[in-house]
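These notes are about the structure you will find just below.
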Amino acid sequence: MRQPHITALLLLPLLLRSGTEGAEAMRACGHPRMFNRMVGGEDALEGEWPWQVSIQRNGAHFCGGSLIAPTWVLTAAHCFSNTSDISIYQVLLGALKLQQPGPHALYVPVKRVKSHPEYQGMASSADVALVELQVPVTFTKYILPVCLPDPSVVFKSGMNCWVTGWGSPSEQDRLPNPRILQKLAVPLIDTPKCNLLYSKDAEADIQLKTIKDDMLCAGFAEGKKDACKGDSGGPLVCLVDQSWVQAGVISWGEGCARRNRPGVYIRVASHYQWIHQIIPELQFQGRAGSQQQQRDPRGWQPLAENSAPCLAAHAVLLALGALMLGIL
């Protein structure tokens with residue numbers, strides 16, 4: 001007669017896991033353990049951007065991406081023109097150097113790639129894709145997810161954000177060995193100004209590029225600093241309410257670091273519904289207060305609202321406790 005009691009006990013960890021799995025990434029997201037934010041710096045530090053991943057084809061880096069959950073990476077759709085043979089792809093996590101990833105790095109094969117169905121080619125809207133890993137990764141201080149914003153988060157023009165990647169330092173050069181992860185602080189540019197910049201010095205025989213509603217610009221009107229080839233799919237992150245939140249996915253640009261040609265990113269929040277549809281358990285970061293604040297990241301603690309899933313778990317405990325008392 002005690003079998004239902006045993007069954008309830010066996011179900012308890014499963015129910016708790018299902019109620020808190022999405023919360024695990026939310027509590028861990030956007031809080032790296034290493035801090036060194038030097039404007040104008042180039043080489044990143046180990047563990048400084050723990051969500052940054054290298055997406056590799058036949059063992060060679062070709063695009064960046066960001067870890068958003070134990071089995072999911074966010075990147076650009078244009079990185080995957082052909083996924084007929086998924087076995088050629090793998091993801092490198094926890095690495096600072098591509099050539100010498102080190103003991104904290106991890107290679108994980110790709111299970112599948114989901115590109116946004118509305119993506120229609122380079123410089124078009126919806127240039128986002130989700131890469132599912134074959135096995136879940138364990139979070140460490142070198143491997144952590146970034147937070148994703150819901151539509152309530154507003155990234156204001158002029159806000160300083162950071163872009164990272166192993167791409168080329170210029171249109172002519174390749175990142176020298178051992179290919180250390182690069183970081184760059186860039187200000188956000190509003191859409192009207194970005195469209196104006198792209199209209200300047202435009203060649204008559206080239207179709208004028210326009211910034212769509214789901215795009216975001218960041219960089220400098222004078223050029224000189226920008227993401228480049230090999231950075232595609234990587235994250236543009238901003239500090240919002242004490243957490244690093246991914247504002248954009250590196251999508252396209254006209255050349256690299258050219259005058260009046262800032263980098264163009266896909267707004268993550270614009271594709272909130274699509275991401276949620278594929279990863280329903282993933283939690284998104286909303287605005288904690290009426291105003292966003294940029295603070296010193298040292299000494300961060302998980303946000304209080306992240307405890308909501310724990311309350312749900314407690315409710316499950318109470319319900320199961322009552323059930324077991326009834327059985328006994």
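Just so you know, glycine gets a Cβ as well, placed from its N, Cα and C.
Of the listed residues Cys29, Cys79, Cys79 is the one Swiss-Prot pairs with Cys63, by disulfide bond.
Per Swiss-Prot, Cys161 makes its disulfide bond with Cys238 among Cys217, Cys228, Cys238, Cys256. Cys228 is paired in Swiss-Prot with Cys256, the candidate among Cys194, Cys256 named as its disulfide partner. Counting neighbouring Cβ atoms within 10 Å of each of the recorded positions (Asn82, Ser232), the lowest count belongs to Asn82. Taking Cα separation as the measure, Asp127 (active site, charge relay system) is nearest to His78 of the recorded positions Cys63, His78, Cys161. Closest to Cys63 (disulfide bond) by Cα-Cα distance, out of the disulfide-bonded residues Cys161, Cys217, Cys228, Cys238, is Cys228. Only Ser232, of the recorded positions Ser232, Cys238, Cys256, have a C-alpha within 10 angstroms of the C-alpha of Cys79 (disulfide bond).
Counting only residues at least six positions away in the same chain, the Cβ atoms of Ile211, Cys217, Pro262, Val264 sit under 8 Å from the Cβ of Cys194 (disulfide bond).
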